[in-house]
């Protein structure tokens, strides 16, 4: 069969819109591999075509005894929330190290509070989309076991998911920087920025210069160790150390599926990758006639 050359990363299955019906292709072997600009590109040869990728992925979901979902910014942007690094993202006119850091909290309190009050208010304007609710339903049905997320909007829990590791914290809660007492994010909306002890209230998120929350990290690590199927939804996998979980799952024997609008630097390790698809639509398509 004729070889094809694409700057897309794969080693097993990939979905590509040659027609209106995406087909999964199996790669027979990599003929040439080059590395440049932190991405991998290669010439590959198609071995054989498969049925629709949905059929294949549905079967993987059904066969897996332990499935872990890993979500990134692409999951949230479909609810309307802005991302961080795009041309219209939250960091377009701001240096994150200057505004979203522990240093900013300590040295530029008012600017820090103003920025995060706007973020808290912004999150309240949006709601989970259909994809969040499908994942919550799958958890209830036992089809997936947990979610690891880089997002801080709390939408997975709002949709009904309960076993969620929030690696970067949440905007749904505040805590006192001095005594640690927890508050609802509603306090920011009421323009109340101080704890009863006099300390500053801050969002319970991970700022630049802070470590990931231990409980969330340990939970994510345990879940990744148990995964037979690990599905990435909407993450560029460019932020460490969170981006190590998919690789750890793969090294531990799990099938790795990466779903993202653009190729990622880790697609080469994936058993299946899907690009240029909206996550909500993809999950809806998978959910149709899915029998456990």
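Cβ atoms are placed via backbone N, Cα and C, with glycine included.
The active site, proton acceptor annotation in TrEMBL covers 168. Taken from TrEMBL, the feature NAD(+) binding site applies to 73, 77, 84, 85, 150, 152, 153, 168, 235, 236, 260, 279. Residues or ranges marked as nicotinamide binding site in TrEMBL: 84, 152, 153. Look at TrEMBL and you will find 176, 179, 195, 197 tagged as Zn(2+) binding site. According to TrEMBL, the feature domain 'Deacetylase sirtuin-type' maps to 36-292.
A map of TrEMBL features onto the structure.
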residue: 150; record: NAD(+) binding site; contacts (Cβ under 8 Å, 6+ apart): 70, 71, 72, 73, 167, 168, 235, 239, 242
residue: 152; record: nicotinamide binding site; contacts (Cβ under 8 Å, 6+ apart): 166, 168, 169, 170, 171, 203, 205
residue: 153; record: NAD(+) binding site; contacts (Cβ under 8 Å, 6+ apart): 76, 79, 81, 123, 126, 170, 171, 172
residue: 176; record: Zn(2+) binding site; contacts (Cβ under 8 Å, 6+ apart): 183, 195, 197, 199, 200, 201, 202
residue: 179; record: Zn(2+) binding site; contacts (Cβ under 8 Å, 6+ apart): 195, 197, 199
residue: 260; record: NAD(+) binding site; contacts (Cβ under 8 Å, 6+ apart): 72, 74, 232, 233, 234, 235, 236, 237, 273, 274, 275
Collapsed DSSP category at residue 176 (Zn(2+) binding site): strand
Fewest other C-beta atoms within 10 angstroms, as judged across 73, 195, 197, which are the binding-site residues: 197
Environment of 176, 179, 195, 197, the listed Zn(2+) site - residues of the same chain whose CB lies within 8 A of the CB centroid: 177, 178, 180, 181, 196, 198, 199, 201
Cβ neighbour count within 10 Å of the residue listed as 'active site, proton acceptor': 18
Residue 197 (Zn(2+) binding site) - helix vs strand vs coil (DSSP): coil
